[in-house]
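Notes to accompany the following structure.
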Amino acid sequence: MLTLIDFVFFGGSILLSTCIGIYFGFWKNSKTADEYLLGDRKMKIIPISLSIVTSHISGVTVMGLPADIYVYGANSVWACSTIICACLLASYVYLPVIMKLKVPSVFEYLELRFDTSLRRTASFISILQFLLYNAIIAYIPAIALSQGVAIDPRVVIVVTCIICIFYTAVGGFKAVVWTDTFQFGCMATSVLAVLILGVGLAGGVSSVYEKASQGGRLDFNFSIDPTIRDGFWQYHVGFLVIWIYYSSFHPGAVQKYLSLSNQSSIKITVGLLCCSSVTFYIVSILTGIAIYARYSDCDPVTAGEVERFDQIVPFFVVNDAKVLPGLPGIFMAGLFSASLSSLSSSLNALSAMIYGDFVLPLFPEDVVKQKEYFILRAIVVICGTVSTIAALFLDKMGAILPFSNASVGALFGLLFGLYSLGILFPAANAKGAFCGTVISFLVTAVIASMNQWYSLNGSIASSSKSFSVEGCTIPVNITRPLPSEPSPQPFVLFRLSFFYNAVISAATVVLVGIGVSYFTKTEKCVHPDLISPISLRFVRKYCPNGTSAQYVVGKDGGRDTFSFEGSM
């Protein structure tokens, strides 16, 4: 159980995060929508870089990744090389196009490249993804705190979300960024402390390596079988799609890129994002290996000390960190910081998306301008409330990491495919993009839903490693099921690794989009600024006059409009 000093560390971090929001809300409050959403585009590299890292390294990484390593082994190490590849592709293929727009909503690109309806469709899909992911990251700290305190996880979810909604709505973009910067320190301290403690309690580095090897946690999978849960190819294909989307098109990340003053600052920020994320992944992977080594001969889940593997990290901290007073509180502070930072960034990005893509175009300008600050705050409150309600039902969804990668990854893949269709294929048109989006959404929804259904019902064979209770000091009763006839396996598409949901989704958008575009050719020109530098050689074929067009920002009744002169 948590002690007084633990609550001091934990409560202090939550209180300071709230105070930062209050400071920017009442003493440094934003005067315009641009300042509320982008910090007036005068932010510095370091806080923005740390904010992007902190908002991505959520509780899914801090708590879910070590638990995944504990159960399935260290194949997640391939995520590190994947992140590096994704950031390079983002810097030189995708971001040069997106950063030319200089607008708060990344979906503005889709309107310029295709049409308004596709922009709003993609924005709506992204809103669904945000609300689902917000529910996941709000749910994670509740699992951890309930391990150390006799409290209903639903109470923790509600209180956590109320705190985050408050300081995000009040403080806006600057409050989110500077709170993330503080929370980065909490996260880094907590994960390093847990790793060091885990290695020490497991008997040192050599002992950890020996036990992990004997337990199969260091067996790496290079099979090309797409039904295998994770391995080299799953990460370098499926996870690559997820990370390219995150580093190039994620509305929260793009919003923070645009708060910087120039292109060189953006490239530096992507580099820092890459290095910091790889470091966090390595530490989390090593933590999972160390915790397995600690419990290699007495698994707490098999022994009945905890209900599910998602609780293994907080169980280790609360039960084995008693030798270091305050460490459980530091861990809880880091975990809550990870979740709060991701949740606050998502809510702020949602306010920018909904305001720019739905409120401004659909309501009279004079009404919006008079109430824009109130509208932005109201969006944060409403979206936060919806995410809170959704989080209360997540205990039925199985393990955190696969559910997150399967559900959110599928939507990431769809949006990545849509942007790739526009940026890499000059011949693609609005009809092709729309058909690809709709078909991809339907196909991936069926595959992801059926995969989750069969997984929860035990129809898909588990690839978890073995566990032992031979070293437990108290008797453990284990009920083993009688041997039975193997049940028929589901159709292969429903047994695919959850990492491939993103690939299927992206590939469907691109292939259908290209096919439909071929049969519905239009005379509409494609401006070269909307195409990646690697595809510019094809622009003249489809738009011979496009190279002379100029991208301009105009005014329509006081509202910004975006168009290309001489190319439409």
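Using the three backbone atoms N, Cα and C, a Cβ is placed for every residue, glycine included.
Database features, via TrEMBL:
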TRANSMEM  6-27  transmembrane segment
TRANSMEM  48-70  transmembrane segment
TRANSMEM  76-95  transmembrane segment
TRANSMEM  122-143  transmembrane segment
TRANSMEM  155-177  transmembrane segment
TRANSMEM  184-209  transmembrane segment
TRANSMEM  232-249  transmembrane segment
TRANSMEM  270-293  transmembrane segment
TRANSMEM  374-394  transmembrane segment
TRANSMEM  406-425  transmembrane segment
TRANSMEM  432-454  transmembrane segment
TRANSMEM  498-519  transmembrane segment
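Within its own chain, the transmembrane segment (232-249) is flanked in space by residues 56, 75-76, 78-79, 81-83, 85-87, 89-90, 94-95, 98, 106, 220-224, 270, 273-274, 405, 408-409, 412-413, 415-416, 419, 497-503, 506, which lie at least six positions past its ends and keep a Cβ under 8 Å from the stretch. Same-chain residues lying 6 or more positions outside the transmembrane segment (122-143) and placing a CB less than 8 Å from one of its CB atoms are 58-60, 62-64, 105, 107, 110, 153-154, 156-157, 160-161, 164, 251, 310-311, 314, 332, 335-336, 338-339, 342-343, 346-347, 349-350, 353-354, 357-358, 383-384, 386-388, 390-391, 394-395, 400, 403-404, 407-408, 411-412, 414-415, 418, 437, 441. Residues 13, 50-51, 53-54, 57, 62, 218, 280, 283-284, 286-287, 289-291, 293-294, 313, 316-317, 320-321, 324, 327, 330-331, 333-335, 337-338, 341 of the same chain lie 6 or more positions beyond the ends of the transmembrane segment (184-209) yet place their CB under 8 Å from a CB of it. Residues of the same chain lying 6 or more positions beyond the ends of the transmembrane segment (406-425) and with a Cβ under 8 Å from any Cβ of it are 93-94, 97, 109-110, 113-114, 118, 122, 125-126, 128-129, 132-133, 136, 238, 241-242, 244-246, 248-249, 432-433, 436-437, 440-441, 444-445, 447-448, 451-452, 498-499, 501-510, 513-514, 517, 530-532, 534-535.
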